[in-house]
Amino acid sequence: MTTFWVLAPLMVLAALGLLFAKKAVHAALCLAVVMIGLAVMYALQDAPFLFAVQIIVYTGAIMMLFLFVLMLIGVDRTDSLVETIKGQRLAAAVVGVLFAVTMSVAVGQVVVSSTVGLEEANADGNVEGLAALLFTRYVVAFEFTAALMITAVLGAMVLAHRERLSPRRTQIDVQRQRMREYAETGRHPGNPPTPGVFARHNGVDVPALLPDGSPAEESVPDSLRKRGQERTDVDISAAQRRAKEIERGDEEDPS
Amino acid sequence: MLELSWLLIAIPLAGAALLLLWGQRSDAFGHLIATAASAAAFVLGLVMFVELLGREADDRSVTSTLGTWIETARFHVEFAFTVDQLSSLFVLLITGVGTLIHVYSIGYMAHDERRRRFFAYLNLFVAAMLTLVLAADYLVLFLGWEGVGLASYLLIGFWQHKPSAAAAANKAFIMNRIGDVGMVIAIMTMFATFGTTSIAAVNGAVGDVSATTATALGLLLLLGACGKSAQVPLQAWLLDAMEGPTPVSALIHAATMVTAGVYLVVRSAGIYDASEVARTFVIVVGLVTLLVGAWIGCAKDDIKKVLAGSTMSQIGYMMLAAGLGPAGYAFAIFHLLTHGFFKANMFLGAGSVMHAMDDDVDMRHYGALRRAMPITFATFGLGYLAIIGFPGMSGFFSKDKIIEAALAHNLWIGLGAMIGAAITAFYMTRLMMMTFFGERRWRDRVHPHESPSVMTVPLIVLAALSVLGGALYLGNWIGDWLEPVAGHAEHHELPAPVIVIQLAVVALVAAGVALAVWLFRSDVPDTAPADTDVSILTRAGRHEIYTNEVNGVLAVFPVRYLTRFLVWLDARGIDGLVTGTADRIGEASQGLRATQTGYVRSYALGIFGGALVVVLGLLAVTLG
Amino acid sequence: MTEYITLSFLLFTIGAVGVLVRRNAIVVFMCVELMLNATNLAFVSFARQHGNLDGQTAAFFVMVVAAAEVVIGLAIIVSIYRTRRSASVDEANLLKA
Amino acid sequence: MMLTVLALTPLVGALVLAFWPRSADPRSAKAVALLVSVVALVLAIVIALQYDPGAGYQFVEEREWIPAIGAHYALGLNGIGLTLVLLTTILTPLVILAAWGDRLPDPSRTNSYLAWMLALEGLAIGVFAATDVFLFYVLFEATLVPLYFLIGAYGGAGRSYAAVKFLIYNLVGGLLMLAAIVGLYALTAEAGEPSFLHSDLLGLEIGEGTERLLFLGFFIAFAIKAPLWPLHTWLPDAAASASASTSVLMVSIVDKIGTFAMIRWCLEIFPGASQWASPVVLILAVVSILYGALLAIGQDDLRRLIAFTSVSHFGFIILGIFAFTTLSTAGATLYMFNHGLSTAVLFLVTGMMIARRGSARISDFGGVQKVAPLLAGVLLIGGLSSLSLPGLAPFVSEFMVLAGTFTVSRPLAVAATLGIILAALYILLMYRRTMTGPLAPGSEGVRELDRREVAALAPAVVLIVALGFVPQPLLSVIEPALGPVVAAVSDGDPVPTHPVEAGASEGAHE
């Protein structure tokens, strides 16, 4: 019982964290806490199998999935907690409180019989007992869950799959396009230079210099450019100036 | 032969149907077919009359059934027609005068492009009128009653392009409908009381029922009779009805149809015998109409309207006589017949005059026509003598008998009838003076000429009948003849010897004539004096004693405004309630629409709240 | 016994309110998971009360279904994010025409 | 089988027309429609000739339909049904003939226009023949569909408003009736086998309160259909927007379902409740008579005027039905037939006037008699029959209704009789304004009737005149069918206070 009274408030707090966390990642972590708490609750209530499954499936698999998706979408986003629908938050709170109160009252009315306990049912071991049920009484449902899982997997693949809207670009296509661009705009058809070629600077965020001394923008990785962490022309010229100054002998630290 | 009475109706009906269905191809000879049909019916009627004459007095009522009209468990109506002493006289009047007017119309309507249709309607009228008088059942009688109403409607409005004619036709039909309501309710009462509407059965049994029922029947039938016979208070249509062609006025609105009310009262003798109250009402109606009609006749300048007022007045005499009970029935019919002759004669004569004067009806534009139209003048003059009751003429006998009977009944009623006779003499003399004597007041380009012989021959025949019609009274023939139908007339004590009364009446008539001759001997202005320049009596007479205005206030305006109000109520009130409900629902939906934000979270809140409600409900059920 | 059930309802309610007030689809989704887990706790508790394992079996099935649901749900979120560049449920107010 | 064949004939015809190629000459579709309706007429005449007036329901068909709720496919005709089936089959060919020249909003849809008409005919025949209340209900509601499209798709201005109003009114009624039918199911199921058969329902024991509720469910549905004041406002709108042919089908046939069903379903199955309701219904009927007539006087639209006259006439029919005498109910049934004819003539002939003039306003006409005397004549005959002139068919029925009612309630009968004055007013004023007087500008173009139009109008006119003098063929069919109905709702007809044996005192007045 002690365990329960220690865990329960923690779980409730963590659950409330779901409501108030600004960052989705924090919410996910709160949820993980609740889930682990629940696993312990299961264990307390003579359900060792579910304890294990809860840890493995929920905390292990599902939560990880959540985190993956969060990362895909952007981990560091914060949600605005300002309510946009008029009265929604108040109404939700009122209904929620009423619901909780009502259900508590209901529980007081419904749960009256004494607890039987699972000693008898778990006599042959909890896992064996569940297995006996799953493969006898609930075998049809079990088979259906199997079908459901497969459907879900296929469904996830279909949903996550991006439909190809144009014909696949082969290397030949790429070459032809490069040559055309070279003919029309004079863009260099060869491989873009890697960062640092002809460089005086070895930062990956600084464009390489072409043989004529101009910077090759493409040499900076896309992700850096999109985040805006690329150094601009000015930066580069500043860096070049700095390099010349160093050449002249100003032994100053460039950082 | 007497069983073939349905043929009397069938022949003119067939004529009408033929002319209407045959269409324009029969334009050339349609009028001849119609006249022949009418004449054939007259011949048949004459044969039947002769056969009746040859029978025993108690064997003169022959009812023959053509077929069943309505047959249900409780209600049974047959197309049964009775030829008896009363109906055979009417058959002769209708077909006889009818045929003469058909002949006259050949000339009168010669230039009307719709002459065939006119004759079809005339035949239709004859058929309907015969149905009316031959019917052995009140419902069949009602069939004829409405049939003549329809024919009257069609013929008054014959010149449909004239709005006044169409309005007059409508007025006639609708006012008659008011009377018809009385008829219909009377027939329903008969059905509810006796289980039958047979005329003979009802009149035979009416003595057994309560006086209230008999009185109700009598008054209801009287309402119908007032409508059809243009008696006060339903008289207003008759003057307007003069919009119809003059032969129509002669046949329908003088000689036959308008007397149907009198026929109805006499036919329903059993009912009126059973109710003193109903009879009194008939007398009052008759007397009032008699005086009102004469009053109007004095004031009008339109020759046809003078004659129409006179018709009302004369039918008032008949009604008065009919209201006297068995003492007067025979005289009512007697006067009806003689009036049919002389009034038809005079209407046709008026038609002849109008024909000569380019359809001008204003007597103030006539004058001195006796030389221009000698035959018309002569025949009209004989009719005039008959109507004022010149001794020896038919009207003298018939009117005199009514006055005597009225005097025997009640001194004041008799005096009223005598005053009526004096006024009759006055306005008829006024008409004669203004039309045939005095100076010429013809409009320009009017060249009066005598009518063709096809028109004058009927005039001559009718004039002869006007003079000789009194012969029916020889040896009280008509009283004896009608006794099986009308009942035996008790001999009443007169307040004075007959000869005194007759002399008094003649004196009154002479006074009326003299007054008119003196007033209208010359210098009649050719335009009517303005209303403000004439006496209040004349003014009221010109305006038909304001009955149209009274009807307007009592009936027309209430209906008009009720209708407008109801139209408004229907659109705003009843329909408004329905559409208003629909609108409210629409508005409520618009309000509810706001809750459909489209946000998933709103809907989720709804679901959650719903779950809460369900749980609360469950709790309430389990805990309660 | 009651305390487990009460905890279960508490967590369920918090999850439900979370669904109602949060706008980030992923967080909403987590709240749904929280609700499912709360019911699991109730199942397990009732199983113990009644002394048989059917409740635990039900909880097991719930987990399986929840796993499948998460897979699909997240896939949907990702594909929505791809097209709309947002994971806010309010922007998906397409239920309104 | 006869009845099924009769009802299916127009339905199959409708199906054929629905798939008739649009590119085909529209006249071919019209010919097919006319042919089908004439075949149906011939079948109906054959049935009428085989009908035996004394033998109750005939041509009975009965088959299980939905055993779970006890619904049957059951058809059968009694005298009332036969009368209305005849009316339906007589009017449909005339209507199709009259619709020959209708200018539709979309001319390429002639096929479906005619198909809907035939479908309506088939469904109406089914309604009149159904002896199972569930089947009746289904067909009753099904008639709304063709009519909805006929009004909504082929009418004039304001047609969609009118169609929706028509539909909603009638659906509300249908809903109440459905509730009552569910109630009947519960009652029969309680009593044993659930059944909707007319014969089974006749003997059903129903508690007083329940009976009244169920009665109201049925009656309100029929009163909306009929239409009884104050549930009438859909009719003028619908009639004013629909084509003349549609109006005929709606007022002359479909609305008769309401009054027909009052006799078959209200009076026969709920006699106690019918008696309970009759004072109110009678008063409403009299109000309908006078109200409809007064409103007709106040209309300036020809079609609305006729619609309001129909409200008045339906008042007479309902008055006759709820007076519970043999005479009045027989009169009411005959009235249904006669009103069908006279209204058909009026709607069709005014439809032709409107098509020629391009306006339905009475004030736009004037002096038409001069240019189209035949048209004027037919309008006058139709009008005179509407005002119940003796010698034309409606008079017999109207008098029977009034006389029958008079034996039960004198004040009501007298009040209803006032309607005949108002009838004269609304008809004659309309005739006077449109047909007489000088030719109004714009009315010169009103052509005389052509042969096809004469062919469409003549049969109805001939029937109106013929039935005015010889109503007996129909009466002898109608009356025996009403005996059981009247016996159920009343203690027999009121006996005359001083009965006279007709013919006993023939000529014996003295």
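Cβ atoms are placed via backbone N, Cα and C, with glycine included.
Annotations in TrEMBL come from automatic prediction, not curation.
Since we're looking at a predicted model, the values are computed, not measured.
Residues or ranges marked as domain 'NADH:quinone oxidoreductase/Mrp antiporter transmembrane' in TrEMBL: D:130-419.
Among the features that TrEMBL reports, transmembrane segment is placed at D:6-24 (among others).
Here TrEMBL flags D:31-51 (among others) as transmembrane segment. Beyond the ends of the transmembrane segment (D:31-51), by six or more residues, the same chain brings 2-3, 5-6, 9-10, 12-13, 16-17, 20, 58-59, 77, 79, 82, 85-86, 88-90, 92-93, 96-97, 114-115, 117-118, 121, 125, 477 to within a C-beta distance below 8 angstroms of the stretch.
As annotated by TrEMBL, transmembrane segment applies to D:71-101 (among others).
Residues 102, 104-105, 109, 112-113, 116-117, 119-120, 123-124, 126-127, 130, 160, 162-164, 166-167, 170-171, 174, 177-178, 181, 221, 238, 241-243, 246, 249-250, 254, 257, 261, 265 of the same chain lie 6 or more positions beyond the ends of the transmembrane segment (D:136-154) yet place their CB under 8 Å from a CB of it. The transmembrane segment annotation in TrEMBL covers D:136-154 (among others).
Sequence-distant contacts of the transmembrane segment (D:213-235), counting only residues of its own chain at least 6 positions beyond either end whose CB sits under 8 Å from a CB of the stretch, comprise 140, 162, 165-166, 169-170, 172-174, 176-177, 179-181, 183-184, 206, 251, 254-255, 257-259, 261-262, 265-266, 270, 273-274, 276-277, 281, 284-285, 287-288, 291-292, 307, 310-311, 314-315, 317-318. According to TrEMBL, the transmembrane segment annotation covers D:213-235 (among others).
Residues or ranges marked as transmembrane segment in TrEMBL: D:247-270 (among others).
Among the features that TrEMBL reports, transmembrane segment is placed at D:276-298 (among others). Proximity of distant same-chain residues to the transmembrane segment (D:276-298), defined by a Cβ-Cβ separation under 8 Å and at least 6 residues beyond the stretch ends, is recorded for 212, 215-216, 219, 223, 228-229, 232, 305-306, 308-316, 318-319, 322-324, 405, 409, 412, 415-416, 418-419, 422-423, 425-426, 429.
Counting residues 6+ beyond its ends, the transmembrane segment (D:305-324) has Cβ neighbours under 8 Å at 223, 226-229, 232, 235-236, 238-240, 247, 251, 255, 258-259, 262-263, 267, 274-275, 277-278, 281-282, 284-293, 295-296, 299, 331-332, 335-336, 339, 343, 346-347, 350, 362, 386, 394, 397-398, 400-402, 404-405, 408-409, 412, 416, 419, 422-423, 426-427, 430, 486, 489-490 in the same chain. As annotated by TrEMBL, transmembrane segment applies to D:305-324 (among others).
Annotation source TrEMBL lists transmembrane segment at D:336-355 (among others). Tertiary neighbourhood of the transmembrane segment (D:336-355): same-chain residues 83-84, 86-87, 90-91, 94-95, 98, 101-103, 239, 243-245, 247-248, 251-253, 256, 259-260, 302-303, 306, 309-310, 313-314, 317, 365, 368, 375, 378-379, 381-383, 385-386, 392-394, 396-397, 434, 446, 449, 453, 456-457, 460-461, 463-464, 467, 474, selected by CB-CB distance under 8 Å and a gap of 6+ residues from either end.
Same-chain neighbours of the transmembrane segment (D:371-392): 309, 313, 338, 341-343, 345-346, 349-350, 352-353, 398-399, 420, 423-424, 426-428, 430-431, 434-435, 439, 443-444, 446-449, 454, 457, 461, 464-465, 468-469, counting only residues six or more beyond its ends whose CB sits under 8 Å from a CB of the stretch. The transmembrane segment feature in TrEMBL is assigned to D:371-392 (among others).
Taken from TrEMBL, the feature transmembrane segment covers D:412-431 (among others).
Long-range contacts of the transmembrane segment (D:452-470) within the same chain, counting only residues at least 6 positions beyond its ends with a Cβ under 8 Å from a Cβ of the stretch, are 90-91, 94-95, 97-98, 100-101, 337-338, 341-342, 344-345, 348-349, 352, 374, 378, 381-382, 385, 390-396. Look at TrEMBL and you will find D:452-470 (among others) tagged as transmembrane segment.
Counting same-chain residues at least six beyond the ends of the transmembrane segment (D:71-101), those with a Cβ under 8 angstroms from any Cβ of the stretch are 3-4, 6-7, 10, 30, 33-34, 37-38, 40-41, 43-45, 47-48, 51, 53, 56-65, 113-114, 117-118, 121, 124-126, 128-132, 134-135, 195-198, 243-245, 248-249, 252-253, 256, 260, 263-264, 333-334, 336-337, 340-341, 344, 348, 351-352, 355, 452-453, 455-457, 459-460, 463, 474, 477-482.
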